[in-house]
Each structure stands twice: as C-alpha cells, then as structure tokens.
Amino acid sequence: MTSHHTPSADGLGYSPGALEDTLGETAGLAEPAAVTVVIPTFNESANIRELLHRLTDSVPARLPCEVVFVDDSFDDTPAVIAEAAQDCPFPVTVIHRDVPDGGLGGAVVEGIKAAGSGWIVVMDADLQHPPSLIPELVATGEKESADLVVASRYLPGGSRAGLAGGYRVAVSRGATWLAKGLFPRALRGISDPMSGFFAIRRSAVAAEALKPLGYKILLELAVRCRPGEAAEVPFAFQDRFAGESKSTAREGLRFLRHLAGLRSASPFARMAAFGLIGLTGFVPNLLALHALVTAGLHYLPAEIIANQAGVLWNFALIELLLFRDRRHHRHWADRVGRFALLANADLVLRIPLIALLVGQFRLAVLPATTLALLTTFVLRFAGTEALVYLPRRGGTARSRTARSRTARSRTARSRTGTARSTS
C-alpha cells in the first residue's frame with residue numbers, strides 16, 4: 001500500500017511509510033508480527049475518534065493489527081468507540097466492565113487475556129502516548145529478540161513534557177527511583193518503569209499470576225512475569241488531547257500499596273515485612289502506656305491495655321499493606337479477634353519458654369529471651385497467615401468463582417472492522 005502522508009499530529013514527525021521501512025529493516029522476517037493494541041478507557045469519549053484516526057494513519061498496512069478497548073466508563077465512551085470503529089481498517093473490540101477490579105491495571109489484564117496476537121502494545125487513550133510509535137516498539141522487539149519493549153521518557157531523545165507541572169515530574173521521578181530501588185533485578189534495563197506505553201510478547205505474560213492495583217501495570221508485569229530481554233525506545237510524553245488527568249493522591253496511595261504487595265510476594269519477604277510492621281507497634285504501645293500511667297492507672301493493667309493499642313496498630317498496617325488481597329474471606333471483626341488472640345498468646349507463650357530455656361537448657365537470660373522472641377515471632381507470623389488470612393476452603397472459592405462468572409456474563413463485547421484495503 002502506498003500513500004502520501006504528512007507528519008503525524010502527535011508532533012514526532014513519524015510517518016507510516018518511514019515506519020514500514022523501519023519495520024521491514026528490523027527483524028528480517030518475511031511477515032511482520034501481528035499486534036494487539038490494548039487501550040484501557042475511563043470516560044475518554046472526547047479522545048476516541050482522534051485516537052482511532054491516528055492509529056489508522058500510523059500503523060502500516062503490512063502490520064496485522066487489532067485494537068481492544070477495555071472500558072470502565074460511565075459516559076458514552078463505548079458508543080463512541082463502536083461508531084468511530086466503523087471507519088477503521090482493522091478489527092476493534094470493546095470490553096465493558098461493570099466492576100472495574102484492579103483499576104487501570106485490571107483493565108489491561110482483561111485486554112491481554114482477549115488478545116489474539118503474538119505482540120501486545122499497551123497505551124493510554126488520551127494521546128499522551130503517540131500511536132505512531134507502535135510499529136517501532138514491535139520492530140525493536142523483533143530485531144533485538146526482546147520480550148518487552150518500553151517507551152521511555154528518560155532515554156536521550158525522550159521527554160516528559162506532557163507531565164503537568166513540577167509536582168507531577170517530581171512524583172514521577174520519585175516513584176521511578178523507589179520502584180527501581182525495591183526491584184533492581186526485575187527492572188534491570190528499564191529506565192522508565194512508570195511508563196504506561198510498552199510492547200510485550202503474549203508468550204511472556206502469565207495473566208493468572210498478575211494481581212494489578214491501579215495504574216502501574218508495567219511494574220506488575222516486570223516483577224511478577226519476569227519477561228526475558230528488555231529493550232527501550234525513547235518517546236516524548238505528549239499533552240492530553242482532551243479531558244483531565246486521572247492521577248490523584250488516592251492513586252498515589254494505591255501505588256504504595258501495590259509496591260508493598262509486590263515486595264511481599266514471597267513468604268520470606270512477607271515475614272520480614274510482618275516483623276518491620278511489628279516494630280512500629282512499639283510507638284503506639286509506649287504512647288498508650290505513658291498516657292495510662294500518667295492518668296493514674298497501675299502499670300500492670302496499663303501494660304495489658306497499652307499492648308492492645310500496639311496490636312490494633314499492627315493489625316491496621318498488616319491489613320493495608322501486607323494482606324490486602326486476602327481480607328475478603330472473613331468478616332473484619334473475625335480477623336481482628338483472631339489477630340488479637342494470636343498477639344496476646346505470644347505473651348503467654350513467651351514467658352514459660354524463657355523459663356524453660358533458662359531453667360532446663362541453662363541459657364543466660366538475654367540469649368534465652370532473644371531465642372524466645374524469634375520463636376514466638378515465627379509462630380505468630382505462621383499463625384496469622386494460617387488462621388487469619390488463609391482463604392477457607394469451599395465457600396470462598398465458590399463465591400469468588402460465582403462473582404467472576406457474573407462479571408464475565410455482564411461484560412459487553414462488540415467487534416467491528418473491515419479487512420485492510422490495498423491499492
């Protein structure tokens with residue numbers, strides 16, 4: 001297909017002809033790899049027509065392509081997509097979710113599950129990610145035999161100009177440093193783990209392993225799926241075409257919870273996090289003890305009551321940061337009661353254990369106390385996992401399956417498109 005084309009509206013100066021040359025020069029393959037473009041949407045109706053227009057202009061005819069929108073909107077976005085897609089030379093699918101589980105990341109996972117191509121490109125609908133870069137992402141992956149290709153704002157030639165204001169730039173940079181510091185191996189070779197614009201081989205994604213929370217799906221994929229070779233291409237982060245940014249302080253808190261969940265994925269990491277959270281409980285414990293003793297309460301009952309303040313503090317942090325995804329199989333009061341029982345049983349067990357180690361095994365008091373603390377800590381962690389947060393058999397699994405089936409039955413799919421014309 002030959003066509004005359006002016007520089008693209010995204011301002012990067014790419015054209016389909018140049019990109020077809022790029023695609024052909026890269027992997028040396030007879031046919032380019034097919035690509036599914038996954039686009040999560042939330043009230044983006046004002047951007048849809050321009051987005052599909054630029055996709056049509058940007059994707060070369062010889063790159064087999066389909067577009068999958070996963071929509072969580074409550075406006076007319078699905079209807080606008082269905083109407084605009086009638087003019088597209090590639091298939092367009094709309095998956096509307098009544099229950100937006102996992103936020104934007106969950107929407108991307110649904111799109112990945114629906115993808116029918118070897119390559120998946122994830123991008124936003126607001127045109128801050130230039131569609132004209134899609135062929136280069138796929139071509140780079142083929143040429144370098146990479147499983148993941150990230151469009152990076154931090155490579156030479158890239159830009160974060162579309163970030164509104166110094167505050168968002170600082171937050172983005174801080175989040176990048178934090179993520180790379182926590183996951184140096186998983187993010188090796190990725191300069192922009194906060195990017196929402198990337199290509200990944202379908203074969204590198206284990207969708208069942210993903211537990212997305214919020215916007216940062218690239219971080220989730222890189223840490224949980226551990227794709228092989230990673231490559232990058234620079235891109236200029238653009239201004240939004242229409243609408244307002246969805247970034248909020250609430251999303252920032254979700255990002256921190258997401259980091260905590262990823263970092264505590266292994267049992268050893270969870271145990272370490274459990275211990276660190278336990279250490280923070282000394283603060284409310286001591287503050288409560290000081291307040292009670294100052295108020296005239298005898299120190300022994302004050303110790304018992306103050307210990308409960310530390311227990312509740314630890315419970316709140318563990319619920320928020322460590323076991324957030326395991327809270328739904330028991331009522332909160334049941335969880336609080338079990339957690340408090342284990343925490344107080346720790347005290348009851350520790351004293352006799354110290355007496356046994358000192359009296360029977362002739363250990364000095366300090367090493368005996370240390371060993372008793374470590375032993376009861378491990379037992380309390382194991383008990384918390386098994387008795388408070390381990391999903392119960394039967395009812396919970398069945399109820400979750402039923403909810404999943406209900407959600408799937410409500411999912412609306414519409415597919416439209418025509419075969420790409422040639423001339």
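Glycine residues also receive a Cβ, built from the backbone N, Cα and C atoms like all the rest.
Sequence annotations record features per position, and here TrEMBL assigns domain 'Glycosyltransferase 2-like' to 36-205.
Summarising the annotation, TrEMBL assigns transmembrane segment to 272-293 (among others). Long-range neighbours of the transmembrane segment (272-293) within the same chain, counting only residues 6 or more positions beyond its ends whose Cβ lies under 8 Å from a Cβ of the stretch, are 260, 263-264, 299, 302-303, 305-307, 309-314, 317-318, 321-322, 377, 381, 384.
Across the domain 'GtrA/DPMS transmembrane' (274-388), DSSP classifies residues as 99 helix, 0 strand, 16 coil. According to TrEMBL, the domain 'GtrA/DPMS transmembrane' annotation covers 274-388.
Using a Cβ-Cβ cut-off under 8 Å and counting only residues 6 or more beyond its ends in the same chain, the transmembrane segment (305-324) has close neighbours at 257, 260-261, 264, 270, 273-274, 277-278, 280-289, 292, 297, 335-336, 339-340, 343-344, 347, 384, 388-389. The transmembrane segment annotation in TrEMBL covers 305-324 (among others).
With a cut-off of 8 Å between Cβ atoms, the residues of this chain six or more beyond the transmembrane segment (336-358) that come close are 307-308, 311-312, 314-315, 318, 330, 364-365, 368-369, 371-373, 375-377, 379-380, 383-384, 387-388. Taken from TrEMBL, the feature transmembrane segment covers 336-358 (among others).
Feature annotation from TrEMBL assigns transmembrane segment to 364-390 (among others). Tertiary proximity for the transmembrane segment (364-390) is limited to same-chain residues at least six positions away from its ends with a CB under 8 Å from its CB atoms, namely 270-271, 274-275, 278, 318, 323, 326-327, 330, 335, 338-339, 342-343, 345-346, 349-350, 353-354, 357-358.
Among the features that TrEMBL reports, region 'Disordered' is placed at 398-423.
Residues or ranges marked as compositional bias 'Basic residues' in TrEMBL: 400-413.
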